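Here is what TrEMBL records for this protein:
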TRANSMEM  22-47  transmembrane segment
DOMAIN    25-508  domain 'Major facilitator superfamily (MFS) profile'
TRANSMEM  59-79  transmembrane segment
TRANSMEM  91-109  transmembrane segment
TRANSMEM  115-139  transmembrane segment
TRANSMEM  151-170  transmembrane segment
TRANSMEM  176-198  transmembrane segment
TRANSMEM  238-260  transmembrane segment
TRANSMEM  281-303  transmembrane segment
TRANSMEM  315-338  transmembrane segment
TRANSMEM  345-363  transmembrane segment
TRANSMEM  407-431  transmembrane segment
TRANSMEM  485-503  transmembrane segment
REGION    514-535  region 'Disordered'
Amino acid sequence: MESTATKTAEGEAPPRFTHREIMVTMSGLVIAMLLAMLDNMIVAPALPTIVGDLGGLNHLAWVTTGYILASTAATPIWGKLGDLLGRRVTFLSSIVIFLIGSVLCGMSQNMGELVGFRALQGLGAGGLMVGVMAVMAEIVPPRERGKYQGVLMAVMPVAMIGGPLAGGFITDHLNWRWAFYVNLPLGIAALAVCWFTLAKLSRGTGKARIDWTGAALLTIWISTLVLITSWGGNEYEWGSATIIGLAVLTVLAFVAFVIVERRAAEPIMPLAVFNNRNFSLAGALSFIVGFAMFGGVTFLPQFQQFVQGSSATNSGLLLMPMMLSSMAVSLAGGAVISRTGRYRALPIAGTVLMAAGLALFATMDINTTSATTSLYMVVLGAGMGCLMQSTMLIAQNNAPLRDIGAATGAATFLRNMGGSVGVSLLGSLYATTLTDSVTSHMNPAAGASGGQFEVAQMTPQALKGLPETVQHVFQQAVSDGVGEVFAWGAAVAAAGLLIAVFIRHVPLRGFDSAAKPDAAPEGTDQDTPAPATAG
């Protein structure tokens, strides 16, 4: 085992795993992936009730954003720790942190506590997500990775189906706090399985030269950027001193981060990987996927519960067409990649389908039926299935093996960053549009019907107790809000097509071609893009 660890640490090819060994290891990865993905999906249907119980519509997006922000900032750190200390110890540590955060979230007494503890959860989740992908990259060569990664990507739609159903059931029949406590049994199972299945992995270099300065600067510029997108036009005017000050701090921290990373012996995010054209394009596309995907999943239940009258349980069930579509396309795409070695068509098709799905969502109004919404979800789900594994595969295939953990962390970071900025920016847009619409229409309706309420405290249950005229005004406001959200999401997804078409086909390498520390895929290198080929 010592020789294996040494070779892997130096960047040489990791040991060959048999199919049986891969499947045993994958059992732990699947549970861990399910744990990370279920959490956000379980919480989503409970958000209206949580906001109504703890108060604060303006903090709605932060229940998700705080989680994503912490996960995003921690992801590159976990990736680098995995390279240096080994996957097993970092992976198990991330599970423990996640479970502690889950317990504290369930005990929250106000919105501030919940957001803070969600951030702690996010710290652990960052290690789960990057750990799963980095372990997969260590035990399976890229040419064979498609079929295995397709199974992992299929966990996402399964979690997205089961999560909202579980979250809705918990919200309707138990208490929203159990949406967090339910993580404990699954987390303990993941901890037990991964303790044994990851024992064969390399132990890393053992030289924990963590770039803490870079990590601190990374956290600063991510946090300030998200604050700008969340507060701008909501808490503060875009031209206010606060927003301008945050923008200046973001730029300064980002520039300092780049300088530090270029000089660091063991950078949190090795910037050299961005010299590769395909890696940079895959990273940019990952950002767009996160922006559009998290935006759609976060705000669609608002429309289903407030406008279409679905219960929390049913709104989770109604997401099933999107998840089944995503799962089917992900599995099919993985099989095609493993059989043909071709992948270039997937990101192109994915961006087209995702943009089309979000554009269709933007056309919904108070008369849109659940059946119509389901058809739109099939389109969006197909786009998600095309993009989720193809972007990661392209990024990993164009990174040196010695940096596979950090490169995986960088790609995951960009996707999570897109989600963090997307949910924050779209959440601010939603809250502003909703409040403005209610303000402009509510006074005459309230005066005639006697309906009085606080927008920030509104829940689907409370809405049903108001006069019909008032219900109509609020439902129209919600429809206006999510319409704006989906329109902007569609525009961002469409921009992804301009990126996807420039991705060039580079043959998927095996471990033999990755044996050298600085090895790049055949037909390319770290600085010069490979000639474009069909595929």
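Even glycines carry a Cβ here, placed using N, Cα and C.
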Intrachain residues whose Cβ lies under 8 Å of the transmembrane segment (238-260), provided they are six or more past its termini: 211, 213-214, 217-218, 220-221, 224-225, 227-228, 231-232, 267, 271
Proximity verdict for the transmembrane segment (345-363) and the transmembrane segment (22-47), three or more C-beta pairs under 8 Å: no
Other parts of the chain folded back onto the transmembrane segment (407-431), taken as Cβ under 8 Å at six or more residues beyond its ends: 57-58, 60-62, 64-65, 68-69, 71-72, 75-80, 82, 126, 129-130, 133-134, 137, 222, 225-226, 229-234, 269-270, 273, 279, 282-284, 286-295, 298-299, 302, 391-392, 395-396, 399-400, 481-482, 484-485, 488-489, 492
For the domain 'Major facilitator superfamily (MFS) profile' (25-508), the mean pLDDT of the predicted model: 81
